[in-house]
Amino acid sequence: MFNKHSVEIDWGGRPLKLETGKVARQADGAVVATYGETIVLATVVAAKTPREGVDFLPLTVDYQEKTYAAGRIPGGYFKREGRPTEKETLVSRLIDRPIRPLFADGWRNETQVIVTVLSHDMENDPDILAMVAASAALTLSGAPFKGPIGAARVGFINDEYVLNPVLDEMPETQLELVVAGTADAVLMVESEAKELSEEIMLGAVMFGHRHFQPVIDAIIELAEKAAKEPRELVVIDDSAIEKEMLGLVEQELRAAYAIPVKQERYAAVGKVKEKAIAHFFPEGEEPKYDKLRIAGVFKELEAKIVRWNILDTGKRIDGRDSKTVRSIIAEAGVLPRAHGSALFTRGETQALVVTTLGTGEDEQYVDSLAGTYKETFLLHYNFPPYSVGETGRLGGTKRREIGHGKLAWRAIRPVLPPHHEFPYTIRVVSEITESNGSSSMASVCGASLALMDAGVPLKRPTAGIAMGLILEGERFAVLSDILGDEDHLGDMDFKVAGTEQGITSLQMDIKIAGITEEIMKVALGQAKDGRIHILGEMSKALDRARAELGEHAPRIETFKIPTDKIREVIGTGGKVIREIVEKTGAKVNIEDDGTVKVASSDGESIKAAIKWIKSIASDPEVGEIYEGTVVKVMEFGAFVNFFGAKDGLVHISQLASGRVQKTSDVVKEGDKVKVKLLGFDDRGKTRLSMRVVDQETGEDLEAKQKAEGEAPAQATGE
């Protein structure tokens, strides 16, 4: 019934198995991949005919984690998986980025890749396995895919590279780098690092590329057994049309791409395009070509004009040379009520970045296959349509916004202070108000400034820069601080963020084969120069964290109480802690180890809450005087609440000097009194006295009398 084929190799000290022919047999390609006890299913289906009216590759990649893979039931009311989580969105992009450039030009068939996590062993993150499985399924599917690709995660522990570190090793690593590519070239890099050098980062990329070669060989071996016949793809020769169009509009297109201002340039290019379309579609005549085809040729011609100009003259669209960074204006403290804010402008790219400090109540609970954890640093990136002069629908967060936000998050996280030293929840929001390339790196620069403006003690300021590449045969140009057009028309998008000490984040997407180690080395070196320059410009606004927190930010005080006192502080059903919060106005968070965090923007509120909590968590001392409230009046005395939630008895004989007939003659419920702790009886009950305390001044009368009695003797002795 099943026509199974499988390949198994040892990879990084664990078995990797790829199997096809048993599950999801109606898909064009389906592979079950197993690494350790982590299992994923990758499927590929491509439509039989091209999608009409599109001039792009209609590829969709969906990665989904099923909670049953970890032996869990989803939370929430419906008890089933809902919309994609941030992790699922990020891994979907991780799979998409290296496979998209490998589809044949002209492939317009709707193609869907779905990767489902079936089992998670809590050691091997499914994302790398998902990339491998998707590559294998595409290779088997018959779609015009110029793969396969391999992928690997690289760590850096004790000055050594580690292939596919397990989850328990991740806290120890100074680097988390994911690299993917073909047998000949690196296509994609995603990483977070603790201020590592360019040499270490490049070494990690090449280490990963070398070590996923056995995976590529395994996929090829599986394809030799089970791959479907390649789909036929008719490639149309447009060279004659391109030659005719070049003669018609070359000079005007070159002139348009010499206009430095984006909106003016787009208007000029639009007029040239109208001229080309009018030429190929004369009024009153039957069209000889498809409009999308002519538009596609024009787009190719745009790319060639820009690329030729850069390689021939060394000048870019806006007149810069390859190494120059656009003019920068950095401002901090631009919003009066925000805890921290910055406006970072680089050329025609601008980010308004705002930092908000919160408490433990504001931490984000993340429910993942590996378990639930709390995230104390959040960075959100918003890209409204007005930032590029367009209209558009505002709705849910798009995949691109999630991806760019995570890139900036990775760049900033390594320089944040440890949570035990700075116990705040930090949320950074980057609003892209203008965009012409490198908005994610503008977010990094703005985030660094906004955090320092809020008083967050970063290890060092952090900046980011986007690099590009033009490669034609043996000639190439590495471009610093690329424009949007240079991103779209170039061969590489290479984003580097870090401090003056080293790199904190590196993201690379390469659209072509042939990017050598030497080219990447040049790009990293040029990126470092650009990063140092940007840090210098940022320092004109703010070069270190402000000494005080933002005026409107909450203050947090941290202290510890004995763990056996936690229950008393919280109270039955949370009664006591709710009362503390309501009456003091402070937020209180108590952790299992007895760590207490008290937060408020009002210092007096914090002091009152701390005093209250400490009075509950510590024991009263015999002989000390305390303020209290009469809570119950009895014939034999009065019960007084003192020292937080503690109650003690003032016996009728201890209410006042002289004989007291009735307790109610001296006190009534609600009275504020001063009491001295006499001690505890045989049953542990607290004994208090009002008689020995001056109710006006709180003075200890016994101690006063004793001192007065000793004074004459002391005088005589002298």
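Glycine residues also receive a Cβ, built from the backbone N, Cα and C atoms like all the rest.
Around the Cβ of ASP493 (Mg(2+) binding site), the number of neighbouring Cβ atoms within 10 Å comes to 21. Feature annotation from Swiss-Prot assigns Mg(2+) binding site to ASP487, ASP493; the stated evidence is sequence analysis.
According to Swiss-Prot, the feature domain 'KH' maps to 554-613, an assignment based on sequence analysis. Mean pLDDT of the predicted structure over the domain 'KH' (554-613): 90.
The domain 'S1 motif' annotation in Swiss-Prot covers 623-691.
Annotation source Swiss-Prot lists region 'Disordered' at 694-718.
Assigned with DSSP, the residues of the domain 'S1 motif' (623-691) fall into helix, strand and coil as follows: 6 helix, 35 strand, 28 coil. All protein chains included, ASP487 (Mg(2+) binding site) registers 17 other Cβ atoms within 10 Å of its own Cβ.
Each residue of the domain 'KH' (554-613) gets a DSSP state, and the totals for helix, strand and coil are 32 helix, 16 strand, 12 coil.
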